[in-house]
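Q: Below are the structure tokens for one structure; questions will follow.
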Amino acid sequence: MMNGGGKGMEGTDKESLMMELTRLVQKTVKESSWWERRGIDITILALAFLLLPPAFLLLGSSQALVFVLGMVLMGVSHAVITIKGTHLASHGSLSESPTWADVWAVFFIEVCGSFTARAGVTGHIKMHHAHTNVIGLGDSSTWKIPYLPRGVYLFIAPLAVPVITPLVALGQLKEHSMGQALRTVLMVFLGLYAQYWLLIHVSGFQCLYSTLLCMLLCRAMFSLPYIHVNIFQHIGLPMFSPTCRPKRIYQMTHGVLNLPRNPLLDWIFGHSLINCHVEHHLFPFLSDNMCLKVKPIVSQYLKEKELPYQEDSYLSRLQLFFHKYQELMVFVPPITELVGVQ
């Protein structure tokens with residue numbers, strides 16, 4: 001009975017840590033302006049869309065340097081819209097209105113990202129965030145392709161993401177209603193055909209294959225760091241049992257890692273995917289800018305409570321995965337001593 005009472009008190013104490021941190025973060029959010037909560041990130045997305053017209057025009061140039069500049073602008077715009085935009089939209093961080101949040105999710109995930117909004121939100125919010133690093137549920141296992149050599153997996157296979165994404169989306173449609181499946185097909189087709197049509201009629205492309213190659217190169221420009229970031233921040237960290245896992249604050253602080261500030265990736269991917277991933281997993285509905293604003297509060301609180309606040313560099317994680325590819329990506333990481341902590 002004493003042991004049982006002790007466990008109960010221990011559980012309450014751990015639960016109160018998350019509640020206390022939540023109050024501190026919520027206080028900061030309430031004191032923040034709309035510009036800080038949503039405006040900055042919406043402006044970044046708007047700028048990405050504004051880069052598209054000059055990108056299409058530059059791609060029509062016969063001068064190599066101008067053409068390459070157009071490719072870069074197109075690739076950067078596409079990455080901001082389809083990575084930062086889809087991520088924020090999947091969390092409903094672009095609007096306080098549930099209706100508009102659904103609209104933005106369909107637009108960014110299906111039209112721009114060539115994926116199904118329902119499967120995207122379900123897989124990311126209801127699985128990855130709800131079951132972070134839980135084996136078989138939210139353990140990033142979808143990014144593991146054990147039969148590929150490490151060099152191919154880390155540096156070549158990600159380039160096929162623009163082709164794989166709509167194909168995977170089609171495979172998800174069997175779980176959708178007829179109406180949702182039809183909408184997804186139409187929205188994905190609209191997004192792909194719009195870029196194709198603009199390359200033909202604005203940029204002046206005349207060959208089908210060169211147009212499709214241009215689309216692939218622009219869409220794959222940031223696929224390597226995109227896949228790297230997805231695996232660096234979770235795989236190789238403590239894993240948890242589906243039936244016996246620690247409290248939320250322990251699960252997220254042990255199973256999530258921040259990368260350092262990076263001007264390029266911060267703008268393109270968003271803070272919540274790079275240097276504020278711990279904050280994002282603790283408070284997933286905050287925008288990128290708000291994750292950055294509460295970062296000092298979260299890091300200081302976790303360190304005061306002697307909880308881990310994990311950080312590592314991009315190069316360090318890349319070297320780790322390259323040298324321990326078999327252990328981390330081919331074989332299931334071992335369950336750690338954290339499993340069963342209540």
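Glycine is treated like the rest: Cβ placed from N, Cα and C.
Got these off TrEMBL a minute ago, pasting:
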- 65-311: domain 'Fatty acid desaturase' (DOMAIN)
- 40-59: transmembrane segment (TRANSMEM)
- 65-83: transmembrane segment (TRANSMEM)
- 151-169: transmembrane segment (TRANSMEM)
- 181-200: transmembrane segment (TRANSMEM)
- 207-227: transmembrane segment (TRANSMEM)
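Let's see these features in context: how buried, what's close, how far.
A: Sequence-remote contacts of a segment are chain residues at least 6 beyond its ends whose Cβ falls under 8 Å from one of its Cβ atoms, and for the transmembrane segment (40-59) they are 66-67, 69-71, 73-74, 76-77, 80-81, 84-85, 88, 93-94, 198-199, 202-203, 205, 214, 267, 270, 287-289.
If one looks beyond the transmembrane segment (65-83) by at least 6 residues along the same chain, the residues whose Cβ comes under 8 Å of a Cβ in the stretch are 44-45, 47-49, 51-52, 54-59, 108, 112-113, 203, 214, 217-219, 221-222, 226, 267-270, 273.
The list of residues near the transmembrane segment (151-169) in space but at least 6 beyond its ends in sequence, with Cβ under 8 angstroms from a Cβ of it, reads 113-116, 119, 145, 184, 188, 192, 215-216, 219-220, 223-224, 226-228, 318, 321-322, 325, 329.
Remote same-chain residues near the transmembrane segment (207-227) are listed as 59, 71-72, 74-76, 78-79, 82-83, 143, 154-155, 157-163, 192, 195-196, 199-200, 265, 268-269, 314 (criterion: CB distance under 8 Å, separation of at least six residues from the stretch ends).
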